[in-house]
Amino acid sequence: MALRDLPDTYCPGTTSEQAGKSASCQGCPNQKLCASGATKAPDPAIAEIGEKLSTVKHKILVLSGKGGVGKSTFSAHLAHALASDNTKEIALLDVDICGPSIPRIMGLEGEQVHQSGSGWSPVYVDDNLAVMSIGFLLSSPDDAVIWRGPKKNGMIKQFLRDVDWGDLDYLIVDTPPGTSDEHLSIVQYLSSTQVDGAIIITTPQEVSLQDVRKEIRFCQKVKLPIIGVVENMSGFVCPKCKNTSQIFPPTTGGAEKMCADLKLPLLGKVPLDPRIARSCDEGKSFLSEVPDSPAAEVYQKIVKTIQDYCSNRVTEEQNTT
């Protein structure tokens with residue numbers, strides 16, 4: 001029987017009246033806890049996180065249902081681009097608990113997190129660019145994080161509540177693939193902080209778009225605004241002849257058609273450039289290393305659109321108060 005014919009196999013949610021009581025709860029290790037009603041009480045950490053992040057002007061999540069599409073690469077370069085304005089304070093939070101790649105991409109591998117009286121101190125790339133990742137808490141980059149959902153959720157809660165973020169203009173959150181524990185946790189914990197929205201990353205081929213559509217549906221279900229979609233690896237521009245080759249053919253129309261169908265903004269198409277991967281491996285900013293490349297130019301246009309979106313959102317909020 002198809003899964004679509006079994007709606008009662010879905011978890012009703014910990015705050016539902018059916019929590020711990022529906023047929024789908026049978027065999028769940030948390031069934032008794034949910035049935036007791038204890039899970040319906042609001043998590044006090046949500047209010048604490050709201051207070052902690054009250055000095056953060058803009059909060060942006062970078063999402064994709066698909067792995068390997070360049071979420072971390074985009075998150076890192078968005079942070080670098082925003083931090084190029086020395087008057088702005090930027091932070092990048094890596095909540096990919098099992099596959100933290102941000103320390104390597106940002107050139108911070110081997111760095112350690114320090115405890116202060118006001119909480120954990122993030123690691124700084126520049127004076128105005130801070131980074132936090134579980135990668136800083138591991139003894140080796142090769143260590144595997146083998147955790148179940150509750151422990152992942154606890155780690156994300158600590159990152160948001162116990163890190164001394166200070167006054168920030170932008171907090172960028174890099175997430176793992178999928179629509180599971182980490183995503184639900186980050187949306188729940190940020191629910192009292194007015195998240196600006198999500199940036200959805202995809203590549204042109206249908207096998208990627210199929211998972212990305214699920215991520216878009218996730219955002220709609222949890223009422224997370226979508227800033228727009230970025231198509232990564234959108235063709236390869238030869239540095240010599242300047243001709244474009246489609247390495248990942250958009251067999252169903254790519255992100256452009258998907259955005260048109262779903263009425264979402266397409267922020268831009270970033271061409272595939274081997275120098276991006278090399279910059280990430282070396283912990284450098286591709287935007288600084290090759291500023292005149294076609295990919296860097298697209299990145300800058302995307303970043304400008306994101307900045308305009310955030311500014312307009314502030315204006316709209318001021319007009320409604």
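For all residues, glycine too, the Cβ spot is worked out from N, Cα and C.
Sequence-distant contacts of Cys28 ([4Fe-4S] cluster 1 binding site), defined as residues of its own chain at least six apart whose C-beta falls under 8 angstroms from its C-beta, comprise Cys11, Gly20, Cys34. As annotated by TrEMBL, [4Fe-4S] cluster 1 binding site applies to Cys11, Cys25, Cys28, Cys34.
Residues or ranges marked as ATP binding site by TrEMBL: Gly65, Lys66, Gly67, Gly68, Val69, Gly70, Lys71, Ser72. Note: Gly67 (ATP binding site) has non-local neighbours Pro176, Pro177, i.e. same-chain residues 6+ apart with C-beta under 8 A of its own C-beta.
Annotated [4Fe-4S] cluster 2 binding site per TrEMBL: Cys238, Cys241, in sequence order. Cys238 ([4Fe-4S] cluster 2 binding site) is surrounded by 9 other CB atoms, counting those within 10 A of its CB over all protein chains shown.
Annotated domain 'AAA+ ATPase' per TrEMBL: 57-228, in sequence order. In the predicted structure, the domain 'AAA+ ATPase' (57-228) carries a mean pLDDT of 94.
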Original post:
What's the CA to CA span in angstrom from Val69 (ATP binding site) over to Cys25 ([4Fe-4S] cluster 1 binding site)?
Top reply: 34
**OP:** List nothing but the one residue from Lys66, Lys71 whose Cβ has the fewest other Cβ atoms within 10 Å; the candidates are the binding-site residues.
**Re:** Lys66
**OP:** Report the residues of the chain - excluding Gly65, Lys66, Gly67, Gly68, Val69, Gly70, Lys71, Ser72 - with C-beta within 8 Å of the mean position of the site's C-beta atoms, for the recorded ATP site, in sequence order.
**Re:** Ser64, Pro177, Ile201, Thr203, Ser208
Original post:
Out of Cys25, Cys238, Cys241, the binding-site residues in the record, which is closest to Gly70 (ATP binding site) when you go by Cα distance?
Top reply: Cys238
Original post:
Out of Cys25, Cys238, Cys241, the binding-site residues in the record, which is closest to Gly65 (ATP binding site) when you go by Cα distance?
Top reply: Cys25
Original post:
What's the CA to CA span in angstrom from Cys25 ([4Fe-4S] cluster 1 binding site) over to Lys66 (ATP binding site)?
Top reply: 28
